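**Q** Take a look at this one; I'll ask things after.
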There are 2 protein chains.
Amino acid sequence: MRESEIIDLFLRHLKRQGDLPLGDDAGALRFGDKWLVATNDMLVRKTDVPDVMTPEQAGFKAVTMNVSDVAAMGAEPVGFLFSLGVPPGLDADYMEGIARGIGEALNFYGIPVLSADTNEADDLIIDGIALGVTERLLTRSGARPGDLVCVTGDLGRALAGLLVWKHDIEVSEKTKKALYDKFLEPRARVSEGVSLSKVASSAIDISDGLAKELHLIAKMSGVGIEIRPESIPIRDEVAEVAEILGLSPLEIALASGEEFELVFTVSPELVDAMDFKFSVMGQVMEGNGVYLASDEERRPLPRLGWEHLGDQKIYNR
Amino acid sequence: MRESEIIDLFLRHLKRQGDLPLGDDAGALRFGDKWLVATNDMLVRKTDVPDVMTPEQAGFKAVTMNVSDVAAMGAEPVGFLFSLGVPPGLDADYMEGIARGIGEALNFYGIPVLSADTNEADDLIIDGIALGVTERLLTRSGARPGDLVCVTGDLGRALAGLLVWKHDIEVSEKTKKALYDKFLEPRARVSEGVSLSKVASSAIDISDGLAKELHLIAKMSGVGIEIRPESIPIRDEVAEVAEILGLSPLEIALASGEEFELVFTVSPELVDAMDFKFSVMGQVMEGNGVYLASDEERRPLPRLGWEHLGDQKIYNR
């Protein structure tokens with residue numbers, strides 16, 4: 001069964017949803033004058049953990065990917081839970097690395113573990129769950145014409161790092177480190193998400209690549225989006241790898257998943273009030289669809305995923 | 001690695017815990033004047049779902065086992081989340097049965113799904129997460145000398161049903177139905193948990209068998225417990241199976257896991273205020289340990305699990 005078939009099948013049978021319909025980064029429930037945000041994301045070693053990733057990095061990532069979804073809702077993370085599936089013969093040192101990585105991540109994000117469960121399974125599996133709290137919820141559906149479209153950090157290093165590893169590309173140690181930092185040790189934008197909860201009109205975290213996330217915001221908000229490609233923040237190390245592979249840096253930046261940067265929309269009057277670094281990439285328009293616009297041309301932005309770059313799927317994004 | 005080794009390893013690395021230390025049925029966080037309760041429990045087809053169980057029953061059970069933990073904390077369940085691991089070749093009808101079962105359970109318990117995630121995995125895995133809310137938390141550590149020790153429902157049918165299935169024991173359809181109802185379609189004691197939150201001094205749900213749960217309450221509360229064996233509620237169908245297998249009904253009742261009944265302690269003055277059916281099985285004493293006491297003798301209650309009944313482990317409890 002394809003993932004989309006499974007999702008359709010469940011949507012048919014699950015009529016009861018929370019105070020926010022399914023389809024956002026996380027679910028949400030009203031809790032007095034606040035929102036409780038809850039999300040879960042399963043990491044399967046075989047498909048989600050490339051060999052080059054240490055168990056510490058994998059454990060950390062299991063926390064990051066959930067905390068990032070909470071941050072994308074504008075919520076402050078308040079707790080983490082996890083269930084482990086452990087193959088009978090798993091190396092104890094590897095397991096300890098996972099534990100250490102989860103522990104480091106909880107310290108880094110300053111959140112407690114509330115509950116944990118271990119089970120025997122064929123794969124090593126870490127199902128992480130994060131809870132968060134916010135007074136104002138950021139969804140994917142709040143973008144309004146006239147808003148600016150912005151992003152935290154820079155884009156493309158996660159995929160460029162994956163490509164360097166997969167194709168064994170020779171680059172300088174400095175370049176490799178810059179790319180592997182993002183590929184293997186991405187961090188969720190927690191304080192940015194909390195700041196955004198006060199001002200942004202919509203937000204999403206980059207799990208599946210900028211192109212796909214922009215299409216989601218446009219579709220769920222019922223608006224069009226115009227991006228100026230030269231305004232997408234891309235570091236030189238990404239361009240270096242792109243050149244070696246005969247790709248454009250832009251393609252890599254658009255397709256790169258698991259960046260965990262926040263894409264958000266905000267009214268131009270509110271943009272000066274924001275107290276963290278970000279890039280303005282474009283704006284929200286009446287209409288629908290996502291476009292790349294320069295002075296010369298305006299062309300639709302394809303729903304690029306990194307599988308479109310001619311790479312086999314090594315792990316889920 | 002053994003489960004206890006994995007747990008020790010994680011406890012060493014996870015220093016940050018919630019507002020209630022790990023080790024109860026669920027974790028908990030203060031949320032204004034209420035407690036938010038959160039729990040997770042993973043169901044792995046190979047070890048947790050006997051062949052005789054339909055996918056609808058398995059889906060329902062994935063919800064029940066989590067809701068039961070929330071109920072044991074005295075909390076009202078308010079939301080459910082789940083992550084699926086789906087083997088590539090899984091039959092679509094089986095998957096739909098799982099979806100239907102989860103949907104039926106959410107209707108039955110009246111709770112919404114907040115978030116869901118699907119992934120490819122080697123086993124079919126359902127990791128369920130339940131959230132709940134209560135003004136007063138029931139833990140395993142609140143039992144006080146003089147309290148009565150009580151239980152909802154009756155005990156032993158889950159294990160007796162498993163034994164009938166496993167050993168292909170011939171019993172009447174009526175007996176089989178009574179046992180299979182509990183073995184395959186147990187229900188969490190939600191309204192009882194909510195009522196108990198106002199009066200009980202401690203509570204736990206029966207996941208691993210009455211004997212083990214009583215030992216946990218005694219140990220975590222720092223008290224002794226005395227049970228009158230004749231006061232343990234056991235139905236005739238359990239006695240019928242016990243006789244065929246040369247076991248005592250008491251052994252089956254003590255060892256039967258996944259009953260999802262609530263064991264609780266309550267002060268004798270408060271016991272009349274309770275508005276649901278339950279049995280008083282014994283009382284809490286100064287000291288430690290758990291004892292079976294009759295007029296003639298007082299003997300320690302072994303930490304019986306159903307594996308002690310000479311059965312191989314077919315699925316985790």
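Cβ from N, Cα, C; glycine included.
As listed in TrEMBL for this protein:
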BINDING   A:ASP25, A:ASP69, A:ASP205  Mg(2+) 3 binding site
BINDING   A:ASP25, A:THR39, A:ASP69  Mg(2+) 4 binding site
BINDING   A:ASP41, A:ASP117  Mg(2+) 1 binding site
BINDING   A:ASP41, A:ASP69  Mg(2+) 2 binding site
BINDING   A:ASP48, A:GLU258, A:TRP306  substrate binding site
BINDING   A:ARG140, A:SER207  ATP binding site
BINDING   A:ASP208  Mg(2+) 5 binding site
DOMAIN    A:23-133  domain 'PurM-like N-terminal'
DOMAIN    A:144-289  domain 'PurM-like C-terminal'
**Q** Compute the C-alpha separation of A:ASP205 (Mg(2+) 3 binding site) from A:ASP48 (substrate binding site), stating it in Å without decimals.
**A** 18
**Q** According to DSSP, which kind of secondary structure is A:THR39 (Mg(2+) 4 binding site) found in, if we only use helix, strand and coil?
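**A** Its secondary structure by DSSP: strand.
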**Q** Taking A:ASP208 (Mg(2+) 5 binding site) as the reference, which of A:THR39, A:ASP48, A:GLU258 (the binding-site residues) have a CA within 10 A of its CA?
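**A** Correct set: A:GLU258.
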**Q** According to DSSP, does A:ARG140 (ATP binding site) fall in a helix, a strand, or coil?
**A** coil
**Q** Give the mean pLDDT for the domain 'PurM-like C-terminal' (A:144-289) on the 0 to 100 scale.
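**A** Taking every residue of the domain 'PurM-like C-terminal' (A:144-289) together, the mean pLDDT is 96.
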**Q** Tell me, which binding-site residues from A:ASP48, A:ASP69, A:ARG140, A:SER207, A:GLU258 are within 10 Å of A:ASP41 (Mg(2+) 1 binding site) if we use the C-alpha atoms?
**A** A:ASP69
**Q** Take the C-alpha atoms of A:GLU258 (substrate binding site) and A:ASP25 (Mg(2+) 3 binding site) and report the distance between them in angstrom, rounded.
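**A** Answer for this pair: 13 Å between alpha carbons.
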**Q** Measuring CA to CA, name the entry from the binding-site residues A:THR39, A:ASP48, A:ASP117, A:ARG140 that ends up nearest A:ASP69 (Mg(2+) 3 binding site).
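**A** It is A:THR39, whose Cα lies nearest.
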**Q** Taking helix as H, G and I and strand as E and B in DSSP, count the residues of the domain 'PurM-like N-terminal' (A:23-133) in helix, strand and coil.
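**A** The domain 'PurM-like N-terminal' (A:23-133) comes out at 40 helix, 44 strand, 27 coil.
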**Q** So which of the binding-site residues A:ASP25, A:THR39, A:ASP41, A:SER207, A:ASP208, A:GLU258 end up next to chain B, with Cβ to Cβ under 8 Å?
**A** A:THR39, A:ASP41
**Q** Quick check for the class: what is the C-alpha distance, in angstrom and rounded, between A:ARG140 (ATP binding site) and A:ASP25 (Mg(2+) 3 binding site)?
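**A** Each residue's Cα considered, A:ARG140 (ATP binding site) and A:ASP25 (Mg(2+) 3 binding site) end up 8 Å apart.
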**Q** Mind telling me which of the binding-site residues A:THR39, A:SER207 has the densest Cβ neighbourhood, counting other Cβ atoms within 10 Å?
**A** A:THR39
**Q** Filter the binding-site residues A:THR39, A:ASP48, A:ASP117 down to the ones within 10 angstroms of A:ASP25 (Mg(2+) 3 binding site), Cα to Cα, kept in sequence order.
**A** A:THR39
**Q** Relative to the Cα of A:ASP117 (Mg(2+) 1 binding site), which of the binding-site residues A:THR39, A:ASP48, A:SER207 has the closest Cα?
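**A** It is A:THR39, whose Cα lies nearest.
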**Q** In angstrom units, rounded to an integer, how far apart are the Cα atoms of A:THR39 (Mg(2+) 4 binding site) and A:SER207 (ATP binding site)?
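**A** Distance (Cα to Cα, whole Å): 14 Å.
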